[in-house]
Amino acid sequence: MNSLLMITACLVLFGTVWAKEGYLVNTYTGCKYICWKLGENKYCIDECKEIGAGYGYCYGFGCYCEGFPENKPTWPLPNKTCGRK
């Protein structure tokens with residue numbers, strides 16, 4: 001019984017540690033979602049939760065999300081340069 005409990009706890013911890021995170025990106029332009037109020041930011045929290053991420057905040061003037069769904073892209077996108085040639 002104790003072994004089963006330990007295995008379950010390890011699997012939960014493993015999923016938490018390896019969750020995807022990164023900057024929220026506009027897939028059309030390739031640009032990060034811009035924010036101005038650094039730290040906890042309602043705009044970033046709402047935008048990150050809308051795509052299924054667990055939490056979001058403003059970091060480096062971009063919305064940074066934790067707990068991204070694996071099927072959602074993060075910034076930078078491979079073939080998008082956000083307006084740069």
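Every residue gets a Cβ built from N, Cα and C, even glycine.
What you see is a predicted model, and the numbers here were worked out from it, not measured in a lab.
Reviewing C31, C48, C58, the cysteine that Swiss-Prot connects to C35 via a disulfide bond turns out to be C58. Here the candidates are C48, C63, and Swiss-Prot names C48 as the disulfide partner of C65. Checking C31, C44 against Swiss-Prot, the residue bonded to C63 by a disulphide is C44. Swiss-Prot names the disulfide partner of C31 among C10, C82 as C82. Between the C-alpha atoms of C31 (disulfide bond) and C63 (disulfide bond), the distance comes to 11 Å.
Secondary structure of the domain 'LCN-type CS-alpha/beta' (20-83) per DSSP, as helix, strand and coil residue counts: 9 helix, 23 strand, 32 coil. In this structure, of the disulfide-bonded residues C35, C44, the smallest number of CB atoms within 10 A of the CB marks C35. Averaged over the domain 'LCN-type CS-alpha/beta' (20-83), the predicted model reaches a pLDDT of 92. Within its own chain, C82 (disulfide bond) has T29, G30, C31, K32, P76 as residues 6 or more apart in sequence whose C-beta sits under 8 angstroms from its own.
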